[in-house]
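According to TrEMBL:
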{"type": "DOMAIN", "residues": "2-118", "note": "domain 'PLAT'"}
{"type": "BINDING", "residues": "G17, D79, D80", "note": "Ca(2+) 1 binding site"}
{"type": "BINDING", "residues": "D39", "note": "Ca(2+) 2 binding site"}
{"type": "SITE", "residues": "W103", "note": "site 'Essential for stabilizing binding to COTL1'"}
{"type": "DOMAIN", "residues": "118-674", "note": "domain 'Lipoxygenase'"}
{"type": "BINDING", "residues": "H368, H373, H551, I674", "note": "Fe cation binding site"}
Amino acid sequence: MPSYTVTVATGSQWFAGTDDYIYLSLVGSAGCSEKHLLDKPFYNDFERGAVDSYDVTVDEELGDIQLIKIEKRKYWLHDDWYLKYITLKTPCGDYIEFPCYRWISGEGEIVLRDGRAKLACDDQIHILKQHRRKELETRQKQYRWMEWNPGFPLSIDAKCHRDLPRDIQFDSEKGVDFVLNYSKAMENLFINRFMHMFQSSWSDFADFEKIFVKISNTISERVMNHWQEDFMFGYQFLNGCNPVLIRRCTKLPEKLPVTTEMVECSLERQLTLEQEVKQGNIFIVDFELLDGIDANKTDPCTLQFLAAPICLLYKNLANKIVPIAIQLNQVPGDENPIFLPSDEKYDWLLAKIWVRSSDFHVHQTITHLLCTHLVSEVFGIAMYRQLPAVHPIFKLLVAHVRYTIAINTKAREQLICEYGLFDKANATGGGGHVQMVQRAMQDLTYASLCFPENIKARGMDSKEDIPTYFYRDDGLLVWEAIKTFTAEVVDIYYESDQVVQDDQELQDFVKDVYVYGMRGRKASGFPKSIRTKEKLTEYLTVVIFTASAQHAAVNFGQYDWCSWIPNAPPTMRAPPPTAKGVVTIEQIVDTLPDRGRSCWHLGAVWALSQFQDNELFLGMYPEEHFIEKPVKEAMARFRKNLDAIVSVIAERNKHKKLPYYYLSPDRIPNSVAI
């Protein structure tokens, strides 16, 4: 009688093990086995982290094993089980691997195929075609699109974290409870004692130090000491939390009527302002998106204000980018003066603070929330809906959408919802952040997610002209490493452009992203279909880069750059000044956030800057969805390339007072999960 050896690996995360009864059936080309109970006498099977082996004897020859069925039946109480993989040793000594990496909940059944990645055209056997189709039908019922707010990218249809399919939930919900994490952060930062003075102002800038945690040699301490300097202000547009807005100014906008006479003292080349523009030395950051956005009105005791500044910057002879003119709103006029470095000290300082506050709002809501979190969720939902687990693109992308849908669901539940934590400290709370996303969606394009194209479109691609733009330099290295890796994977499974065109599952995935994620908006430039291997490689690079590198670049520096409150005020309690020569230090302090909002803000940027427990970084693929040797070799080359980038970045940072490390691959998590 033929005998098989079955090896079963249980996950090592919390509550992965089970006491339930586990049955296995084998489906072969020549027949199907009976159900076999996998059980060893006097032994606790399927414990967390265990690898258990069983001998399974069948009555007759089964031929080539095509599927295995795993069934879980209740022993005492319902008990979820996380199955990593099963390996099968056949009677002739061959080994077949069946990756799973899924939860089996309640009294459930999972049907697994062997781990070789297959396109739909590779499946000629009816039972395998049927398995593929059924898997997608089941997933499409589980992963449904929902409109959380009009004009937003569609999201997962789930009101709260526990409504999500078990496979995409966090192992422990406590780890991503924003209320808990913010409270814990405020406790760790010793700032709880200020919360009873919620609406009282600080007495001066030095007073903010009472809630500032000094950690030796960190960027945050340097920010605290140098935040008022023009160099530090300009540097942040290149390498701070939001390095995506600055662009080379090719023509002075009419809405910013700045003249050479106004900025003469800032120009170092004895050229007119127009000549400096022609030479490529002028840069601009325009916060037009904030124009007309409603400020937070959730607290009737505190008025809050927003501005929509335009900031002109100059590359001086030392190759430093410094501000030379700031207009705090979009329409020029007598009550909207252009502030200059030659103005009174506090006039200029308050103008810069307004720009930093506006930058914070655009960073949080657009650069971070929309362009990494929400976009990555779209890719994740479309992947689960349209790509079966056997598809090579599913195997490639699944590590890069890990926990993304869960963290976004948690954010909609606690953070950005009505009366959520976002409302507590931010001037764009109470609905302003929703208006911002709706407006920004009109300008979100596929090209803007293609890193090299984005850099070039903003005129920021010349290393010679702008030598200290480390976000660009490191981002291009990581982009190329990811692109090289994805090209190798595409080459393994797609022989030609025609195979790409004929892969209906892939085309359905791309179409889902366009129709539901981008709401079918033609102007977005998102492809409806993919026709070539080259375009497929680029598309996959966009998905992986957005979820990993781009998110890391705009998320993990939040404590560094935003913990010193005057450098990134989450709200302003007085309107922008309408005249020069009237600003005092007392006015500035009264405009900055009160003690309570400062504490909430600090707790938030601290919590958001922490890595997850057991974080998986770029190039780590502990779940072996791929079993083929060529892909494993491509992964090894990918890791080697990433290690080389780590060394390059570490060498550059060695003697820098302001090191840039957010795009070092050893600090880039695989997915958006915080």
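Cβ coordinates are placed from backbone N, Cα and C, and glycine is handled just like the others.
Curation does not apply to TrEMBL; its annotations are automatic.
Ranking the binding-site residues D39, D79 by C-beta neighbours within 10 Å puts D79 at the top. Take the Cα of the residue listed as 'Ca(2+) 2 binding site' and measure to each of the recorded positions W103, H368, H373: the nearest one is W103.
The recorded positions shown are W103, H373, H551; of these, the one with its CA atom nearest the CA of D80 (Ca(2+) 1 binding site) is W103. Summarised by DSSP class, the composition of the domain 'PLAT' (2-118) is 0 helix, 60 strand, 57 coil. Annotated Ca(2+) 1 site G17, D79, D80; additional same-chain residues within 8 Å of its Cβ mean position, judged by their own Cβ, are F15, A16, T18, D19, D20, F46, W81, Y82. Summary: among the binding-site residues (H368, H551), the fewest other C-beta atoms within 10 A of the C-beta are counted at H368. The record gives H368, H373, H551, I674 for Fe cation. Within 8 Å of the mean position of their Cβ atoms, the other Cβ atoms in that chain belong to L369, T372, S376, I407, V554, N555, L608, V672. Here the candidates are the recorded positions G17, D79, W103, and by Cα distance the one nearest I674 (Fe cation binding site) turns out to be W103. Within 10 Å of the C-beta atom of G17 (Ca(2+) 1 binding site) sit 21 other C-beta atoms, taking all shown protein chains into account. Within 10 Å of the Cβ of W103 (site 'Essential for stabilizing binding to COTL1') there are 21 other Cβ atoms, across all protein chains.
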